[in-house]
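Structure record follows, encoded as structure tokens.
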Amino acid sequence: MEPGGEPTGAKESSTLMESLAAVKAAFLAQAPSGSRSAEVQAAQSTEPAAEAGAPEGEGHRGGPPRALGSLGLCENQEARERPGGSPRGPVTSEKTGGQSGLESDVPPNAGPGAEGGGSWKGRPFPCGACGRSFKCSSDAAKHRSIHSGEKPYECSDCGKAFIHSSHVVRHQRAHSGERPYACAECGKAFGQSFNLLRHQRVHTGEKPYACADCGKAFGQRSDAAKHRRTHTGERLYACGECGKRFLHSSNVVRHRRTHHGENPYECRECGQAFSQSSNLLQHQRVHTGERPFACQDCGRAFSRSSFLREHRRIHTGEKPHQCGHCGRAFRALSGFFRHQRLHTGEKPFRCTECGRAFRLSFHLIQHRRVHGAE
């Protein structure tokens, strides 16, 4: 004991406690706010106070100790995926130069200043090809396979390869017929969750994809893309026989039947056959007399929606079909085509008796009376 002072042991203990408290405060100031691992590490830094007499080096080796819970969620997941479910072996600590039972907090590619809390925090694993960053090294490794083209996961049934193992699992449902995602409204089941989400919009009426030109909304992104072609005039699908192009692939399939003479849809009433099911439905209204499309202005009803659209233009005065030669406009497309023959000289209606051709069908009908045909 020093004269007139505290006992030497008590003074040394007090000084040590003050030093540890300062270390704790400094460490917490450097750690992210609310960090659980920082609080645990700081708490552990006070533990050597009870072992003040322990030789240097038997406690924590240089700097704040690693917290037991500091292994991140991604690393824990990686550990579970390794054989035996154990973390990687000891690695060299970048902070101390020695070995640690856990990986360093600073990733190998973090760059200068990473230990001081640089911009790597949160997503410390960047892709060298595109710069995108990831929270987990395993996610970064999976992403890099997109650039390398590597597809290590292969379907055992058909041999198709995939980038991610989860993609193989989804693909194999096509072979097994498994459909684990069922709609709670109607019970329809799907092999993939995103197909169920798309289907549910049928029940909810949700239409998140709106056309930027006219505002019309759609429940499916693909339907919105198809609709956009009506504004752009883009026709991606061409007929291999004649080169005629169409907005939709289904239109090409129907068109090809005109080349092959295929008419798979037959009327049960009269036996007339059609290349398209929609044409058969329209034809059947001739027998039933059904006219489901009524004009809201005058009440007149029509068997086809296209007839109603053309009729509505009588009330609105709309004439959307304009001649490029003389500028004359027409309500109906049929009138526009008839007018075009004035400029082109086309005469598609030919008499089978004498070979004379006409521009309009009713002119041919009138001419045939010359030959005595009704």
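From the backbone N, Cα and C atoms, a Cβ is placed for every residue, glycine too.
Sequence annotations record features per position, and here Swiss-Prot assigns compositional bias 'Polar residues' to 32-46.
Swiss-Prot lists 30-119 with the feature region 'Disordered'.
Under the heading zinc finger, Swiss-Prot lists 125-147 (among others), citing sequence analysis as support.
Under the heading zinc finger, Swiss-Prot lists 153-175 (among others), citing sequence analysis as support. Through the fold, the zinc finger (153-175) approaches residues 142, 145-146, 191-192 of its own chain, all at least 6 residues removed from its boundaries and within a Cβ separation under 8 Å.
Taken from Swiss-Prot, the feature zinc finger covers 181-203 (among others). Beyond its flanks by at least six residues, the zinc finger (181-203) meets 170, 173-174, 219-220 of its own chain at Cβ-Cβ distances under 8 Å.
In the predicted structure, the zinc finger (209-231) carries a mean pLDDT of 90. Annotation comment: Swiss-Prot describes 209-231 (among others) as zinc finger.
Residues 226, 229-230, 275-276 of the same chain lie 6+ residues outside the zinc finger (237-259) yet bring a C-beta within less than 8 angstroms of a C-beta in it. The zinc finger annotation in Swiss-Prot covers 237-259 (among others), and the record cites sequence analysis as its basis.
Listed by sequence, the residues of this chain that lie at least six past the ends of the zinc finger (265-287) yet keep a Cβ under 8 A from its Cβ atoms are 254, 257-258, 303-304. Among the features that Swiss-Prot reports, zinc finger is placed at 265-287 (among others).
If you look up Swiss-Prot, you'll see 293-315 (among others) marked as zinc finger.
Under the heading zinc finger, Swiss-Prot lists 321-343 (among others).
What Swiss-Prot records for 349-371 (among others) is zinc finger, and it gives sequence analysis as the kind of evidence. Among residues of the same chain six or more beyond the zinc finger (349-371), those with a C-beta under 8 A of the stretch's C-beta atoms are 338, 341-342.
Look at the zinc finger (181-203): DSSP puts its residues at 11 helix, 4 strand, 8 coil. Non-local neighbours of the zinc finger (321-343) in the same chain are 310, 313-314, 359-360; each lies 6+ residues outside the stretch with a CB under 8 Å from one of its CB atoms. Counting only same-chain residues 6+ beyond the ends of the zinc finger (293-315), those with a CB under 8 A from a CB of the stretch are 282, 285-286, 331-333.
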